[in-house]
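Colleague: I am attaching a structure below and will ask some questions about it afterwards.
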Amino acid sequence: MEYVLLIFIFLFGTVIGSFLNVCIHRIPKGLSIAYPPSYCPKCGQRIKPYDLIPVVSYAILGGKCRHCKEPISIRYPIVEALTGIAFVVSALTYGYSIELLYSLALVSSLMIISFVDIDEGIILDAALIPIVAVGIIAVAVDPSGTWQYAALGALVGACIIGTIYILSLIILKKEGMGIGDIKLMAAVGTLLGWQRTLLAFFIGVYIGAIAGIIMIALKKKDMASEIPFGPFLSIGTAISWWFGYEFINWYLFLA
Ligand SMILES: [Zn+2]
């Protein structure tokens, strides 16, 4: 794709990311995502449109509310920039195709799921619905798509996390992963199919383990503390969705 178009897709991603921030903030609290317009969570002052430019406004305002000068969480521009980057990777991976639309919907949902899990320790059901919807549309639209593809993907996704869930309860006497993680990987499975869902899981566990070791080393967490797994499963899902088949083919070629 041309650079101009990729820049446009990045900017579009940051605008969607700005909306995802609203979703992340409001949906768990049961608030409307449409009304009221954006306001400062500290002073309640309505944010002017010229202060709502993704990433840029945060930098111009020096990370502070124009009205009350309270600091604005760095999370907002991070979510915006990450969404922009995920949109660009989606465009580079899938080009002009219907899969690009699936990709944008998937990464947007994963963004909400990850940050709500970090904040609240729950996997938001509402954010799983678009993923399953895309999975169903994908098999319905694609002439070579089959219901077995989606069903088997969901089954493998649910079973692999379900197995860990049950083993943790028996061996560690605690929930290693939550019911939410089971639902997440089942939803993802409808779109990714069983092979890429397995790969997503392994990438997620791998990155999660590395992140856990780093956090323990930095003394941010100890061995007993619970680290939400949704973000890692989401990262694994995105990587597997983008590059999974290439990776699997390369691996099978080596073997
Ligand atoms: Zn304020």
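Backbone N, Cα and C atoms are what each Cβ position is placed from, and that goes for glycine too.
Checked TrEMBL, it gives:
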| type | residues | note |
| --- | --- | --- |
| TRANSMEM | 6-24 | transmembrane segment |
| DOMAIN | 11-93 | domain 'Prepilin peptidase A24 N-terminal' |
| TRANSMEM | 74-94 | transmembrane segment |
| TRANSMEM | 100-116 | transmembrane segment |
| DOMAIN | 105-213 | domain 'Prepilin type IV endopeptidase peptidase' |
| TRANSMEM | 123-141 | transmembrane segment |
| TRANSMEM | 147-172 | transmembrane segment |
| TRANSMEM | 184-217 | transmembrane segment |
| TRANSMEM | 229-253 | transmembrane segment |
Colleague: So, do the transmembrane segment (123-141) and the transmembrane segment (74-94) meet, by the test of 3 or more Cβ pairs under 8 Å (sequence gap 6 or more)?
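Modeller: Per Cβ check, the transmembrane segment (123-141) does not touch the transmembrane segment (74-94).
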Colleague: Mean pLDDT, the domain 'Prepilin peptidase A24 N-terminal' (11-93)?
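Modeller: Taking every residue of the domain 'Prepilin peptidase A24 N-terminal' (11-93) together, the mean pLDDT is 94.
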Colleague: Quick check on the domain 'Prepilin peptidase A24 N-terminal' (11-93): DSSP residue counts for helix, strand, coil, in that order please.
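Modeller: Summed by class, the stretch gives 46 helix, 4 strand, 33 coil.
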Colleague: Would you mind splitting the domain 'Prepilin type IV endopeptidase peptidase' (105-213) into helix, strand and coil residue counts from DSSP?
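Modeller: Taking each residue of the domain 'Prepilin type IV endopeptidase peptidase' (105-213) in turn, the totals are 94 helix, 0 strand, 15 coil.
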Colleague: Within the same chain, where does the transmembrane segment (229-253) have neighbours whose Cβ lies under 8 angstroms from its own Cβ atoms, ignoring anything closer than 6 residues to its ends? I mean 6 or more beyond.
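Modeller: Cβ under 8 Å, 6 or more out: 86, 89-90, 93, 103, 106-107, 110-111, 113-118, 123, 177-178, 180-181, 184-185, 188, 191-192, 195-197, 199-208, 211.
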Colleague: Residue list, the transmembrane segment (184-217) vs rest of chain: Cβ under 8 Å, 6 or more residues beyond ends.
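Modeller: Cβ under 8 Å, 6 or more out: 102, 106, 113, 123, 128, 131-132, 134-136, 138-139, 149-158, 160-161, 223, 227, 229-230, 232-237, 239-241, 244-245, 247-248.
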